[in-house]
Amino acid sequence: MAPVPPGVRLLVSFDRDQWYRALTFILTFLLYTSFHLSRKPISIVKSELHKNCSAVSEAAIIASSSSQQPSLSSLHTDVDCSWKPFDKSNYKQLLGAMDYSFLCAYAIGMYLSGIIGERLPIRLYLTVGMLASGVFTCLFGLGYIYNIHNLSFYIFVQVANGLVQTTGWPSVVTCIGNWFGKGRRGLIMGLWNSHTSVGNILGSLIAGYWVSSNWGMSFIVPGLIIIIMGVVCFLFLIEHPNDLKTIYTQNSSLGKTVPTHSWNGVNGHTEVYLQYKDNKNQSYDTELLLPRDSERIPMQPVVVVKSESEPSAISFMGALRIPGVVEFSLCLLFAKLVSYTFLFWLPLYITKAAHLDAKKAGDLSTLFDVGGIVGGILAGVISDKLGKRATTCAVMLLLAAPTLYGFSMISQFGLGPTIGMLLVCGGLVNGPYALITTAVSADLGTHKSLKGNARALSTVTAIIDGTGSVGAALGPLLAGLLSAGGWDQVFYMLMTADFLALLLLLRLVTKELASSKSRPISTVELKEH
């Protein structure tokens, strides 16, 4: 008999629960990757919506001088290079308004999304949100194909897309929190949260491929991808391990009878005995009736009675009273302000500062997200090791502010220094953002003050990310207004936001440092205040 291949040995070494955990991890990773993939194109296309028309004009003049009879109409077409209505001198404010419309709708919708998500089946709620988001993302791209130059059309699409995309984050965090415990949550969610950066990278590459030739496809392709992933979500997402009970209950009822033995009881009564399995710890109620060879007990009528009533969904104010929710929510407001300013404005900044075309600037901006992947994982590992989530965030925020200033200076000196600073800035900016939105949110949503009520996770996640999304809306808007006076003002705004985020964590950091215990769970397990 041939030996079993080592790969097969590895596969069969995992039990059923581990396979379902892996499925949930990978599936939710891909689902939220598609969300971020569909958000990124707008930042890539900005430099195409408003080009450097002076450079195009010079090229048109040179081309016309080489021909003997230049055409005025063709010259006008060449010089009129920007996409109306973004061809005006206030184009930065108009582009900022588009960002703001999406992010403001996202921030407002997020507060409602978690509350709604806890009262609906998450799989269906997330599926509908992904399908709708795909449709609105495609609509933006159709504006190019059908030659739409109405600003209100693009604003409407951005607002609608912002609202439906709020279905994503509370849903996937709730699923991953249901399947994974607190033991190594920082590491697991640090790895898992890299979907944000992976989605940004893929979105940049996909949008950059078409941006110069047909920028409408930069939106349509990501829109189709998120629609496909919505169908996958409907077919395969398992919200909670307990949902699998119905599968095994149905299987046990389809002809899988439990072996029984009859024995003569006292006074001539015949009693039926059930067999139980040996050497296996059962994890589901239905498996308690599986056969075991060595032990038999009389079977009695069994009535299953819940010890407590089904926990009700937590209220908005109840979630705010959980220790640490307010501080981390406000901290995320400023941390996300910085992250989303880079998300929406970095390619345009690189285009202006490094004098690169839209595709090269989009490709280069992905390095910021590569650094974000490393930063998110490091933040999770360090916070697991130290048991101090707030302190980990505070140190990274403290280092991020001077790094941002360094990036604004060094980016003027060539491609090499810019690449290095993009990686460092990405790690320090996205590290705290990733840690708060994943491990910290999951810790708070399962805080001991909730007494095991797992239905609070979606609401807590929505409050934290919704508050952060207010900053995400303000950052790009302020960047659009301040950049008119020079990019230095934008970087001063980003450094100020980092320091404010740091200040909001000082109380929690003080409590962590004063604590004599260091455990691999968050310091959000603070005493009530």
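Glycine is treated like the rest: Cβ placed from N, Cα and C.
Marked as transmembrane segment by TrEMBL: 20-37, 94-116, 122-146, 191-211, 217-238, 325-346, 366-383, 395-415, 421-444, 456-478, 490-509. Residues annotated as domain 'Major facilitator superfamily (MFS) profile' in TrEMBL: 27-513.
Between the transmembrane segment (122-146) and the transmembrane segment (217-238) there are at least 3 Cβ pairs closer than 8 Å, counting only pairs 6 or more residues apart in sequence, which means the two stretches are in contact.
Proximity of distant same-chain residues to the transmembrane segment (325-346), defined by a Cβ-Cβ separation under 8 Å and at least 6 residues beyond the stretch ends, is recorded for 39-40, 42-43, 46, 99, 103, 200, 319, 365, 368, 372, 390, 393, 397, 400, 404, 425-426, 429-430, 432-433, 436-437, 440-441, 444, 460, 463-465, 467-476, 478-480, 483, 490, 494, 497-498, 500-501, 504-505, 507-508, 524. Below 8 angstroms of C-beta separation, residues 20, 23-24, 27-28, 30-31, 34-35, 37-38, 40-41, 44-45, 122-124, 126-131, 133-142, 175, 203, 206-211, 244 of the same chain, each at least six residues beyond the ends of the transmembrane segment (217-238), sit close to that stretch. The highest tally of CB pairs under 8 A with the transmembrane segment (490-509), across 20-37, 191-211, 395-415, is held by 395-415. Note on the transmembrane segment (94-116): residues 39, 42, 46, 49-50, 85-86, 88, 125, 151, 154-155, 158-167, 169-170, 313, 316, 340, 344, 348, 458-463, 465-467, 469-470, 472-473, 476-477, 479-481 of its chain, located 6 or more positions outside it, place their CB under 8 angstroms from a CB of the stretch. Outside the transmembrane segment (456-478) by six or more residues, the chain places 96-97, 99-100, 103-104, 106-108, 110-115, 117-118, 122, 166, 169-171, 173-174, 177-178, 313-314, 316, 318-320, 322, 325, 328-330, 332-341, 343-345, 433, 436-437, 440-442, 444-447, 450, 490, 493-494, 497 with a CB less than 8 A from a CB of the stretch. Within its own chain, the transmembrane segment (366-383) has Cβ neighbours under 8 Å at 185-191, 193-194, 196-198, 200-201, 204-205, 339, 342, 346, 389, 392-393, 396, 419, 422-435, 438-439, 522, counting only residues six or more beyond its boundaries.
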